[in-house]
Every structure is written in C-alpha cells, then in structure tokens.
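As annotated by TrEMBL, oxalate binding site applies to B:ASN46, B:HIS51, B:GLU56. The Mn(2+) binding site annotation in TrEMBL covers B:HIS49, B:HIS51, B:GLU56, B:HIS95. What TrEMBL records for B:1-149 is domain 'Cupin type-1'.
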6 protein chains.
Amino acid sequence: MAIAKAGATNNTFGSLVTGANVMKVPGLNTLGVSMARIDYAPGGINPPHTHPRATEMIFVLEGELDVGFITTSNVLITKHIVKGEVFAFPRGLVHFQQNNGDVPAAVVAGFNSQLPGTQSIATTLFASSPSVPDHVLTKTFQVGTKEIQKIKSRLAPKK
Amino acid sequence: MAIAKAGATNNTFGSLVTGANVMKVPGLNTLGVSMARIDYAPGGINPPHTHPRATEMIFVLEGELDVGFITTSNVLITKHIVKGEVFAFPRGLVHFQQNNGDVPAAVVAGFNSQLPGTQSIATTLFASSPSVPDHVLTKTFQVGTKEIQKIKSRLAPKK
Amino acid sequence: MAIAKAGATNNTFGSLVTGANVMKVPGLNTLGVSMARIDYAPGGINPPHTHPRATEMIFVLEGELDVGFITTSNVLITKHIVKGEVFAFPRGLVHFQQNNGDVPAAVVAGFNSQLPGTQSIATTLFASSPSVPDHVLTKTFQVGTKEIQKIKSRLAPKK
Amino acid sequence: MAIAKAGATNNTFGSLVTGANVMKVPGLNTLGVSMARIDYAPGGINPPHTHPRATEMIFVLEGELDVGFITTSNVLITKHIVKGEVFAFPRGLVHFQQNNGDVPAAVVAGFNSQLPGTQSIATTLFASSPSVPDHVLTKTFQVGTKEIQKIKSRLAPKK
Amino acid sequence: MAIAKAGATNNTFGSLVTGANVMKVPGLNTLGVSMARIDYAPGGINPPHTHPRATEMIFVLEGELDVGFITTSNVLITKHIVKGEVFAFPRGLVHFQQNNGDVPAAVVAGFNSQLPGTQSIATTLFASSPSVPDHVLTKTFQVGTKEIQKIKSRLAPKK
Amino acid sequence: MAIAKAGATNNTFGSLVTGANVMKVPGLNTLGVSMARIDYAPGGINPPHTHPRATEMIFVLEGELDVGFITTSNVLITKHIVKGEVFAFPRGLVHFQQNNGDVPAAVVAGFNSQLPGTQSIATTLFASSPSVPDHVLTKTFQVGTKEIQKIKSRLAPKK
C-alpha cells in the first residue's frame, strides 16, 4: 500500500485525504490502527470534521499549517505547525487544518482505529443524501432559507 | 438527583438539555453511564450535535419528534417517533431532534459514558471562544464573509 | 420499537420488564446501549437480580419506588425515589426496586450494553432447568430440604 | 505472596477462599489479573456467588468437585471435575463448587481482573448490613416472614 | 479438559507448556481467560518469551523456581518462589522461569486472554520459517555469522 | 513538539528512534496515540524489538527499508518498502527494520497507545541491569558461556 504521491488538490477545498485504512489495507483488521496522507494546495483547507472512532495525530511532511480543534467547553485551540512537528486531535472533536502558506503542504496522520470514519461538517449538514430539511438548518444556523439554499448549492456534489 | 421538571425552552432553539452526568451525580464515577432529560417547545429543535464519547438512546416521554442522524457515508437516517418509542444515535455521529408538533415534547436519554460531552455544531463553529477565523468558515461553507458574520451574530452568546 | 404501554403486572412479582435490547432492536448491534421499561403494580417488586454485562441507570416515569443494591462489602444501599429522579445500579451487583405506594409506578432504564443479560436471583437458584440440587441449596441457605422445596414449588414456572 | 496452605474449612460452608488480588498484592495494579486458592472440606461448598468484574477459571489441585453455573437463560450447567481438570465461570454469572467426596479438595482460580469482587448470594440477601427488608425477601422467595427470618438467623455473622 | 499430568520434559529446554486456551477449550470463546500447566525438569528452563495479548500470573504447584521479567526500562526483576507462591508477568514483557532445584517443578498459569499467544525469543529469532537473515542477527547481536549460525543450528527444529 | 530533524545514527545499530509520546508530549494523556520518527544510516538496523502496549504503523519518509515481523506461529513476514509506503506491526510481536540501501532512510510511526513501551530484544536479554544470568542465556540459546559473554560485552552500555 502506497500513499506516496501528493493527492490532486484542485478541488473545492484545495485538499485531498488519501486513506490507508482497513478498507484499503485488509491486513489492518483487528489491529486498531490506520494512517492517511493529506495534501493541501496553497490556501487549501481540510475543513472542520470529526472522526467518530479515533484520535488523530499528524506529522507535517512539508510546508506549514494552521491547525485547530474545538473542545466540548467550546474553546478553540489552535497552533501553527511546520515540517517535522506533530499535533493531536482528540477523538470525536471538530478539527481542521489550513495551509495559509505559499507552497503546498502535506501531513501523514496516524489513527487509533482501523476505520476512524469521517464526518466533514459542512458536507454532512448541507450535502447529505437525502438532504437535511431546510427548516432544520434555518433553526440551527438562525438564518433564512435563502442563505441555507445558497450554502447547499455551493456544496452540492459536482455532476 | 432529579431531572423531573420540564426545562425552560423559551430560548433560541426552543429546547433544553438537563444532564444527569458525573459532573452532577458524582456517584456515576467509573460506572460508564449517564442520563439526560431533553424538553422541546412546539417547533423547538435540539440542533445537530455530536457526543464524542457516547452512543445515545432516547425514550419519548411525551409529544412527538422528528429525529435523524447522518452516517459516515453521508446518508441521512430519519424517523418520526412518538411517546414510548426509542431511537439510538451511534457514538460520535451528527444527530438532531425536532418537535414539529403543536404541543411540548420531552425525552429521557441514556448514554454509555458517565461524561458523554457535547459539540453543538453551529455553536462550535460560529460561537466558540476564541472565534473560528472567518476565512476558515468561508472556505468551509463556500460563501462570503457577509454570510459568515451574519450567522456568527445570530449565534453569539446573549449578553 | 415502542415500549410505550405499561406492561401487564398481574403476575407473581407484580412487575414486568419490557426490554429494548439488540434481540428486539437489531440496529443496536455494536452500539453498546439498550433500554427497558419496567412497570410495577402497587406492592409490586422487581426482585433482587443482576446484569452480568451492564451498569443500569433508571429514570422514574411515574409513581414512587424503594430501590437498593448491595455492595461487594455486603452493605445495602437504599433510596426512595420519585417521578423524575434517577438512580444507578453498578455492573454485576444484586439490586431491586419495590413499589410500596398505592398507585402503579414505572421507570425507563438505560444500560451500557446492547445485551445486558439478567439473572433474577430467586429464579436462578430455585427455578432453573435442570434444578439446582437440594443439597446445594440447603447448605447455601442453612435450612432443611422442606424449606428449599417450599420455595422451589412457589417459584416453579406456571403451567 | 503465598497461598500455599490449605485454608481452615471448619466454618459454616466448609470452604475457604484465600485471595491473591490487588488488595493483597499491590503489584497487580493495572495488570488485570488475580488468583485465589479455594479449599473445601469433605461435604464443603463454595455457595452460589458472582464476581461482578471477572470471568474465573479454576484448576483442581486435589480432590474432586461438582461445579455449576446458571446462564442468563436460566439453564444450569454442571460438571464433575477431578485433579488437574479446568473449568470456567463466565463473568457475572451465579456459580458454585461443592466437594461431595470423602477427602478435602482444593483449586487455584485465575481471574481476568485485579479485583474481581464477590457477592455470595445467600449472604448478600440475608446477612447484609443494613438488612434487606423482610417484605422484599418474602415477595422475592414467595414464602412467609417466618422462613425468611429463619434463614437470616442461620446466616447471621457469628459473634 | 485436563492438564493434570506432568508434561514430558526430556527436551532441549527441560520444560513443557500444556495450554488450556480457546484452541483446546472452545467454550472459552469471548470469556477472556485461559490457563496453562508448565512442568520443569531439574535444571529445566521456560526460556525468555512474551505473550503479546495477556498478563500471566503463576501459582507454584510443586518444587521451586527462579523467575524474572525485564521492564521497558531494561531492569531485570527476579524472585525465588516456592510451592504455593504466586508471581505475575505484565502483558508483553520478556520473562522466564528456571528450575535450579534438584526435583521437578510445576506451575499453573492464569492469563487474561483466551488466546495469549507466545513468542519464545530464541526460537523466534533463530528458528523461524523462513529464517531471519544472518545479517539482521549479526547486526542485532553484534557478533559474526559463525556465532549466529551456531545458535541457529542448535535451535533448529529436530527432524 | 518537533521530530523534524534526522536523528544521529552514528551508533552501534546505525539507527535512532525519536519518540513523541506522553512522556514528551503531556497533552497526549488519555488520548491513546503517539508517534515516533526513526532514522536509519545506510546499513543501519532498528533491531528486533516489541512494543508491549501498541500496534505500530509506519510511513516511509525517505529511502527504502526491509521490514519484518514474526508471528506467534513462528512465521517470518517480510517486505521491502519504499518512500510513501506503509506497513503495520501487530501489538506485542517481535519486528525490525533494516536499511539495506546506500542512502539514509527515515519513517514516521503511529502507535495506538500514548506510551507504547519498547523492549529491544538483544539489549533486554544481554544488557539489562542487573544482568540476566549466564546460565539462563546458555540454556536459552544453547551455546556456551563464552558466546554469551561475547554478546554481553558487545552490547554493554558505552561508558
């Protein structure tokens, strides 16, 4: 299994996750670990998301990143990390990484689950199938249907 | 410990969670369980949120609810449940309950953790302290700063 | 899955447990939680029992109950709880609930296992199949065969 | 730590458990194992009991034993085991061993907990402190107060 | 299942392990425990080995043993134990037992896994199939190929 | 915490492990993950060792490696891996990595424990403090005291 090459990052978020979990590496079954490589274009973001079944620890392969997670007390913890530095995102908490530099960045991530699972928050709420009803989202974000539908259209899967 | 009374639901979301976890019931320490009572005004919502450390199972005490969660394959699972029915939200997945009826609703929830923790998604992203930077959120939701700041202002803590 | 109705409590113990575990709700598989509704006639008892695989936490739906469990130091812990109150029974310990009031009582219980299992002590020792030998029970309870057989006859399954 | 000598078995049940758990062997802390030696006089019984936190596996050091446990389906599983044989009692289930032979018997037990805990059923129900109320026990065993008090007096701690 | 008889110890190491794990006792499945009997000729050794999935606790059935394990700080912990004494080897650490007495010795071991697994270090490194390359072992033990091949020949499986 | 720089590999084994575990990154406490960077000189080896408390998964940062582990059935599993490839070593099993290339190699490793622990087999057996007795090692490796003392002298800590 190789996750050697930089993933193609010319997409909406300017980032790509290439997983090496039990779905791709069957030998990981029962071992309780997996890895992933994440590439970021300049300006790219791995947008706020959670892993329901794993803590994640990253090692910066190249470039620089602004990383953060929010605690259950609603406190945002952030750090600027550079090549060779590590950072951990506790199990189940919303977190993100952004490349605010001028050159590509990349990390390798280790997880304490063979299948961490991912919920990318914006996609989860605005682009699921079927769709989360507008009246749930207007209540949730306290804005009108117009704003909700705008976000939905922006995040809709490309055809 | 009593969670007998209906919580006051005259707030932004029209719902209130009254927890009976280890912070309030010290005897739960090491026992790996907790409960909560959730009250919903007519039209009220317990907006999309996650519990990083627990699966949740609810029992409807009164009224009716539309409940749902989104899987890691981004599929929305929903159900309409009435008094006496149960429903489970798997550990770490985004879920919500909404009272679309004309009368108040209430549930009692059981958790397989003495301290499940909660991240209410909208509040986590738009009302943390310090604030998640606008440029993270514009990238994430693919809208402009104006929309982001609008949501932030709507969800800002009341003074 | 509904556990809405009060169970029929016109039986030996004056109580009925209606479970919502993985045998009845297959979707609970791997989720590690389950619930049950327990109804008690006036004077009814959920007699001393254990759950080998779960801690239990109850919420009183209606009426009042005298509840208790015995610790591994052989200390009896008891409490009188009313509607809306909660109480926890640690994993594996002998516990019971009794309705000493004049009106029916009911609780909803949460467990940190999808299949807690139950051993109702009196039935386990005096009404198993095959039967626990009399000489085991006379030694255990330090009484004669007559008393043992009397209890066995009282607890024998109705035909 | 030695559990070499046969325990004194001239007591009510004709058996004695000598534990080697974390309370006696502090080095077992965090290791998740413990052992015990159990001695049985001819006719002696280790009466029905549970270990809330461990499965137990025994190895017969000398003599012969009739052993049994009851499942959560209320089925009694029994076996006659002799020197050198092993048997396992699943976590939390009621079980017992009886020496129906003419000579002393002994086993060494292994547990998958550094502190398994024990609830000896008869003592738990009839000799706890404070006492389980008579009306709980009469309901539970479906006999009168006279029988209950008889068992209580027989099992009362020796002064 | 019986592990009653002393195993034949007229082999290279002068010891024999007779396991009672889930491969031999299918009923142990999911129970998380197993046992083994180990016999030692005078001068016999159960050479340094690990159990990847279990802590082990032993009880001396007869004779005397010198036992030891090495911590992750590379400290050797040793003890001389006699009949009736117990000792524990923490999960995954290299350990051994040697009978330096004039008479046979034996222990019964309890494990907190139904299938602890064993890696006998010398056999693992010098007699695996296929063979660990000589250049790995010369580097590892800082000696020449001659010494490595000598050990390999001594530990090669008997034909 | 940075593990960015190549460790100094001019030592006995031609490799260096730089850990990022809870002893160095206190914030990892309770999170159940850690990482390490391992550097290898040309010809360098990370000699056979175990991690008692973790499975390890590695990602090759640069160079090429021959990696292997031995199963509990004494089968050697090996693979040649290059930059960007991943490989996993199951919890508690003896494993090693060797750089048979002409240029330095490096990996980043992820563990499913905040403190995996390490037992480097040769050092554990031949350079512990106090020393494992010669007669244990001669029996174990089936060679004479001369060979054992030779290995001990080669692996003795540098003064």
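Quick reminder: no glycine exception, Cβ is built from N, Cα and C everywhere.
Curation plays no part in TrEMBL annotations; they are all automatic predictions.
Across the structure, B:ASN46 (oxalate binding site) and B:HIS95 (Mn(2+) binding site) place their CA atoms 9 angstrom apart. Across the fold, the C-alpha of B:GLU56 (oxalate binding site) and the C-alpha of B:HIS95 (Mn(2+) binding site) stand 10 Å from each other. For the pair B:HIS51 (oxalate binding site) and B:HIS95 (Mn(2+) binding site), the C-alpha distance works out to 9 angstrom. Report note: the Mn(2+) site is defined by B:HIS49, B:HIS51, B:GLU56, B:HIS95, and the residues of the same chain whose CB lies within 8 Å of the CB centroid of those residues, excluding them, are B:THR50, B:ALA54, B:PHE69, B:PHE89, B:LEU93, B:VAL94, B:PRO116, B:THR118. Cβ contacts within 10 Å of B:HIS49 (Mn(2+) binding site), excluding its own Cβ and spanning all protein chains shown: 19. DSSP assigns B:GLU56 (oxalate binding site) to a strand segment in the three-state reduction. When pLDDT is averaged over the domain 'Cupin type-1' (B:1-149), the result is 96. Mapped onto three states, the DSSP output places B:HIS51 (oxalate binding site) in coil.
Across the domain 'Cupin type-1' (B:1-149), DSSP assigns 22 helix, 61 strand, 66 coil. For the binding-site residues listed here (B:HIS51, B:HIS95), the lowest count of other CB atoms within 10 A around the CB belongs to B:HIS95.
One way to see the shell of the oxalate site is to take the Cβ centroid of B:ASN46, B:HIS51, B:GLU56; the remaining same-chain residues with a Cβ within 8 Å of it are B:ALA36, B:HIS49, B:THR50, B:ILE58, B:PHE89, B:HIS95, B:ALA109, B:PHE111, B:PRO116, B:THR118.
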